[in-house]
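Annotated features, as they stand in Swiss-Prot:
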type	residues	note
BINDING	166-173, 191-195, 213-216, 284-287, 315-317	GTP binding site
BINDING	Ser173, Thr193	Mg(2+) binding site
COMPBIAS	130-145	compositional bias 'Polar residues'
DOMAIN	1-159	domain 'Obg'
DOMAIN	160-334	domain 'OBG-type G'
REGION	129-148	region 'Disordered'
Amino acid sequence: MKFIDEARIEVIAGQGGAGSASMRREKFIEFGGPDGGDGGKGGSVWATADRNINTLIDYRYAKTHTAKNGEPGRGADCYGRAGDDIELRMPVGTIISDYETGEPIADLTTHGERLCLAQGGVGGWGNIHFKSSTNRAPRQKTNGKSGERRKLKLELKVLADVGLLGMPNAGKSTLITAVSNARPKIADYPFTTLHPNLGVVRVGSERSFVIADIPGLIEGAAEGAGLGHRFLRHLQRTGVLLHLVDIAPFDANVDPVADAAAIVNELRKYDEALVEKPRWLVLNKVDIIPEEGRKKVVSDFVKKFKWKGPVFEISALTGMGCDKLCYSLQDYLDSIRRDRDDAGERAQDPRYQDQPEDKNQIKYFTCALL
């Protein structure tokens, strides 16, 4: 299936049905009075997050989605039937915003999450609402209200714990194949990966995380070189980035340090927040380097690249070092989740609310709790 991560649609809710201005007419009832029912409510347009969908291709060509109108009211105080709602199923991770103003409307991050995109119009009143002591036979009625109409932009950002980035042919697809259940296309030419791939990495029976592989970046991606940098949006939700570097390129003219620096530069051009995100350096294809000279090659690269963070040496093809990398990632992600849960519990705990600003008082308060 073709991967589409952007779409523009128009949603039109149904119009409410008109009220009825009928009079009660029955045998032996001379002055029946008004009995016009109300019009039915117009159908609404809903969006629902579905984890079984991973692309917005359904909305690339079907751009207009219209709900049904409500039916008019009838005599004998019969209300009109409400228009049927329509449901638009979207991938988890879809961001919905107003196309004309750019204002964000919703971020569907949970399976089954539901949102009303366009509210159906209210049905009109029948003449039964207008009778009074001075007007026993009203002919007034009201028409139904129009439903909401909106132009929306849909943008998909995949939900993953770990994101892979690097130059084309750095071995990203090989790595995600080696450690997860994903099976992306792998070949010996640049830009084999044309769209993001997701894989689930299982570390033990009850521990796992999701890893995302995006198309490779090259220098000038911000200006549209290669496949550009539009796929970088899929890394914005990740907890940690793996910067994959081909430490032993076959082309002697290729400088791994310059390539790695170019990737960081492209990240900065796209979003400064991505540069600040936790990033680990993963040196791939170390099995090609003779073991006696491997340590020096790695240390020279780290020194020239001026890297201060975690460094992992792997071979995605043979699996060397992949287990250590996966276990380290799982431990790191677990620690992030624990910190997040602790912060949430602390925010909800009344003992930590409205604490005094004075440091001495805070220390005393904490000791009292212990």
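In case you wondered, yes, glycine gets a Cβ from its N, Cα and C as well.
Structural mapping of features recorded in Swiss-Prot.
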| residue | record | CB count, 10 Å |
| --- | --- | --- |
| Gly166 | GTP binding site | 24 |
| Asn169 | GTP binding site | 20 |
| Lys172 | GTP binding site | 30 |
| Ser173 | Mg(2+) binding site | 23 |
| Pro215 | GTP binding site | 25 |
| Lys285 | GTP binding site | 23 |
| Ser315 | GTP binding site | 21 |
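Across the structure, Ser315 (GTP binding site) and Ser173 (Mg(2+) binding site) place their CA atoms 12 angstrom apart. Mapped onto DSSP helix, strand and coil, the region 'Disordered' (129-148) counts 2 helix, 0 strand, 18 coil. Pro215 (GTP binding site) sits 9 Å from Ser173 (Mg(2+) binding site), counting Cα to Cα. Under DSSP, Asn169 (GTP binding site) is assigned to coil, being neither helix nor strand in the three-state scheme. When pLDDT values are averaged over the domain 'OBG-type G' (160-334), the model yields 81.
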